[in-house]
Amino acid sequence: MAKGPPSPCDIEAGPRGTQPTQPPPPHFQPPMPKTWFSWLVPLIFAANIMMFVYTMYVNDCPATTGEKCLLSAYLGRLSFQPFTENILLGPSITTLIKLGGLETKLVVEEGEGWRLLSCMWLHVGVIHLVANMLSLLFIGIRLEQEFGFVRVGILYLLSGFGGSLLSALNSKTSISVGASGALFGLLGGVLSELLTNWTIYENKLAALLTLVLIITLNLAVGFLPRVDNSAHIGGFLSGFLLGFILLVRPQFGYVSPKHIPPGYDIKRKPRHMTYQYLLWVTALIILIFGFAYGSAKLFNGETPYNVPI
């Protein structure tokens, strides 16, 4: 019995003379960024509250002022100075200086440079404290969750130092205290983070305009009477430069080699864009020069009272 022609198709191999098609190469997506647990910012918050309570304890208004103290019947030793001395519900100027308030004369003539950092943990009154702490929680927790406690801690402390430095150089008041310089540094860091990580944001223009509006409104408050805007500006500029150094993210589409399975050879984007490296180097040089120049001017006592802003 004659055999028929060979079957043109094999059930397993498909049509004769053809090769099975290869699946397309996998498309690797970078993993979701790690979210850090925020503990440093709440710790800073608690430290500021405790420091204010200690300040009021040391102040001991009834022992120095007598019956004129505010809420002395309820708070006792922790009661506030009269409104004629402190309208923000807080201690006396003498107490703030005693505990580390920033006074340019003491820094320059007595060599008490530690006041450039200690003043960050003091506040003039309850109103001052509440305003700063709300800003700290609103801005700081998100930053720490995204970048971790090390970067945010460095950003906070160095921005506070930068604010204190410019405040001392442009001193127009007898004393300067508060975390405002550090908080404006966080705002400056948020702005530079947006600029240096531009490729990963979707609504770029809306985010930029919103942030600029918030920063402008906060800086405008600094022009009110008895508000040290020098500390605000110094902290903001320091944080803005530090943001280019500390808050850099990989560019959009970057995949780390450790997330690519062995055997796959795919074209990867570089971790950072060229402009990110340029901003990093430029910001570092300007920051080091600014801190060194300002510190030299301050401790040499050359122009501590008339540095332009």
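Every residue, even glycine, has its Cβ placed from backbone N, Cα and C.
Quick look at what TrEMBL lists:
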- 1-28: region 'Disordered' (REGION)
- 36-57: transmembrane segment (TRANSMEM)
- 111-247: domain 'Peptidase S54 rhomboid' (DOMAIN)
- 120-141: transmembrane segment (TRANSMEM)
- 148-169: transmembrane segment (TRANSMEM)
- 175-198: transmembrane segment (TRANSMEM)
- 205-224: transmembrane segment (TRANSMEM)
- 230-248: transmembrane segment (TRANSMEM)
- 277-296: transmembrane segment (TRANSMEM)
Using DSSP, break the domain 'Peptidase S54 rhomboid' (111-247) down into helix, strand and coil residues and give each count.
106 helix, 1 strand, 30 coil
Contact ranking winner - 36-57, 120-141, 148-169, 175-198, 230-248 against the transmembrane segment (277-296), Cβ under 8 Å:
230-248
Positions whose Cβ lies under 8 angstroms from the transmembrane segment (230-248), at least six residues beyond its ends:
143, 147, 151, 154-155, 158-167, 169-172, 176, 178, 180-193, 195-197, 215, 218-219, 222, 272, 276, 279-280, 282-284, 286-287, 290, 309
So which of 36-57, 148-169, 175-198 is most in touch with the transmembrane segment (120-141), counting Cβ pairs under 8 Å?
36-57
